[in-house]
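The structure under discussion appears below in the form of structure tokens.
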């Protein structure tokens with residue numbers, strides 16, 4: 001369905017959107033296709049490798065790596081929700097996505113992103129218990145507890161996504177059906193409505209702010225106690241190993257929370273949609289690509305497990 005010349009859709013039912021993506025001619029679109037494809041392939045291979053290595057190596061069957069495997073799964077899903085459609089649109093002239101397809105993409109994108117925020121906080125709490133209360137760690141982080149924490153993260157993500165999706169897609173879209181983005185995100189969708197979106201923006205900023213601030217506090221408090229505990233250690237080697245492990249998590253947390261806060265947790269943080277698209281590329285593709293590299297390159301246990309897996313494969 002093509003929009004009428006005046007760009008108004010108020011007199012017809014909205015069946016589809018057009019994802020405008022990035023500006024530029026065929027050459028620019030081809031370059032963007034190559035960039036997105038490279039980022040997506042590395043993200044898929046990196047996260048699949050982490051999942052396989054942690055699953056197959058018995059040395060990594062611990063709470064920390066159980067959470068890390070779930071983080072890799074989330075990153076894999078997170079990027080796969082966005083990248084395939086974006087790649088197809090770079091090579092297409094229509095760039096159409098159905099109304100239901102847009103709502104579905106938005107729902108799963110929101111769910112996975114929120115779940116990752118909760119999971120990063122859970123991972124910080126896991127490190128806090130392991131380092132600050134090692135004697136209680138086997139009880140407090142029992143496998144059933146770990147499973148409940150992961151399930152709780154998904155439930156929190158699903159709850160936020162249901163609210164965000166229902167509030168957004170219940171609005172009347174009559175300004176235009178052209179979304180000024182490369183995927184269905186809340187901010188460009190709100191720009192297409194012909195009604196007051198104050199409540200929607202309040203819900204979005206309120207929920208995102210609450211989730212980001214709440215999970216960030218868990219991370220900061222956990223790592224505050226962790227830092228004090230590590231500094232009190234007499235063993236320099238032990239301090240270095242713990243700082244290396246925790247440093248990987250803090251790097252991943254800083255990248256994720258920083259970009260999400262810029263986009264969703266404060267009104268007017270992104271000055272233009274073109275700037276917003278660049279930020280979106282970072283948290284939908286770059287971070288899922290970097291996370292397995294961060295955790296594998298800075299983690300001796302993961303590198304050793306990967307070597308054992310390769311050696312075992314060569315021997316057979």
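Cβ from N, Cα, C; glycine included.
Your range for transmembrane segment, going by TrEMBL and the list 106-125, 166-185, is 106-125. Here the domain 'G-protein coupled receptors family 1 profile' (46-295) returns a mean pLDDT of 86 for the predicted model. Same-chain residues lying 6+ beyond the ends of the transmembrane segment (145-163) with a Cβ under 8 Å from its Cβ atoms: 63, 66-67, 70, 107-108, 110-119, 122, 125-126, 203, 207, 211.
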